[in-house]
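Q: One structure is given below, represented as structure tokens, and several questions about it will come after.
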Amino acid sequence: MAASTMALSSSSFAGKAVKLSPSSSEITGNGKVTMRKTASKAKPVSSSSPWYGPNRVKYLGPFSGESPSYLTGEFPGDYGWDTAGLSADPETFAKNRELEVIHCRWAMLGALGCVFPELLARNGVKFGEAVWFKGGSQIFSQGGLDYLGNPSLVHAQSILAIWACQVVLMGAVEGYRVAGEPLGEVVDPLYPGGSFDPLGLAEDPEAFAELKVKEIKNGRLAMFSMFGFFVQAIVTGKGPLENLADHLADPVNNNAWAYATNFVPGK
């Protein structure tokens, strides 16, 4: 079949020959043509939004200076700061945007997973080891790891089996996010909607644009939080809530500076 030059924008045409673009159709071996939506251009955000456009909030407020020409305020989380020029190349910028958003989402889930079990344990809920890095390490113990402290749920004794399950489950979700099959079609892999938006939060363009900003801001904070949790685990051997309680009880002796000056690796 000749190369296609025009994408379909509607599913019904009368008396008009239309060629299908390669990105909008796939020809199977039995001659069937399967259709797939192409990403439509997002509706422009209102010029009154403080998070988008040339007059958006900048990283240093009124002292920010002029932003790079390629940072136009089109995307959420663009505060006009890129001293290393990481976003100068459009393809690299698009790739880094996707990586950041995905890592933000995992970091938010991870931060919640680190804090919530410890919070429950401090309020009398008993389900085994509550400190995030100690709980996972129980899989290497002789008795293995019981999810939520209940052997009737999941009794894990093999790190390889857990790894395989994670690959399958996470791979299935990522496959749907990117490709959309078999559960449906995906217009934008970064914001797939559909089954990923059961509450319909993205139906209003203005609200959706603001939610994107909130997501990226909270996600960046969560990534820094996870880094802090890792450092705390290495230095103090305690969970984040216990470290917070220690700091509030004695801020002079329990702070980052005090631990940094007294920390000896391996002890």
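Residue 1 is the first one shown; counting continues down the chain.
Using the three backbone atoms N, Cα and C, a Cβ is placed for every residue, glycine included.
According to Swiss-Prot:
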type    : residues                     : note
TRANSIT : 1-35                         : transit peptide
REGION  : 21-40                        : region 'Disordered'
MOD_RES : Arg36                        : N2-acetylarginine
BINDING : Tyr59                        : chlorophyll b 1 binding site
BINDING : Trp81, Ser87, Glu100, Arg220 : chlorophyll a 1 binding site
BINDING : His103                       : chlorophyll a 2 binding site
BINDING : Arg105, Val154, Leu183       : chlorophyll b 2 binding site
BINDING : Gln138, Leu148, Glu215       : chlorophyll a 3 binding site
BINDING : Ser158, Glu174               : chlorophyll b 3 binding site
BINDING : Gln166, Phe263               : chlorophyll b 5 binding site
BINDING : Gln166, Arg177               : chlorophyll b 4 binding site
BINDING : Lys214, Gln232               : chlorophyll a 5 binding site
BINDING : Asn218                       : chlorophyll a 4 binding site
BINDING : His247, Ala256               : chlorophyll a 6 binding site
Q: Measuring Cα to Cα, tell me the gap between Ser87 (chlorophyll a 1 binding site) and Arg105 (chlorophyll b 2 binding site) in whole angstrom.
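A: About 21 Å separate the Cα atoms of these two residues.
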Q: Between the binding-site residues His103, Arg177, Lys214, Arg220, His247, where is the Cβ count within 10 Å the lowest?
A: Lys214
Q: Within 10 Å of the residue listed as 'chlorophyll a 2 binding site' (Cα to Cα), which of the binding-site residues Tyr59, Gln138, Arg177, Glu215, Arg220, His247 do you find?
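A: Close binding-site residues: Arg220.
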Q: Roughly how many angstrom lie between the C-alpha atoms of Ala256 (chlorophyll a 6 binding site) and Arg177 (chlorophyll b 4 binding site)?
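A: Rounded to the nearest whole number, the Cα-Cα distance is 39 Å.
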Q: Does anything in the same chain, at least 6 positions from the residue listed as 'chlorophyll a 4 binding site', have a Cβ under 8 Å from its Cβ, and if so what?
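A: Spatial neighbours, sequence-distant, of the residue listed as 'chlorophyll a 4 binding site': Cys104, Met108.
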Q: Spatially, and counting Cα to Cα, which of the binding-site residues is closest to Tyr59 (chlorophyll b 1 binding site)? Options: Gln138, Val154, Glu174.
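A: Nearest in space to Tyr59 (chlorophyll b 1 binding site), counting only the binding-site residues, is Glu174.
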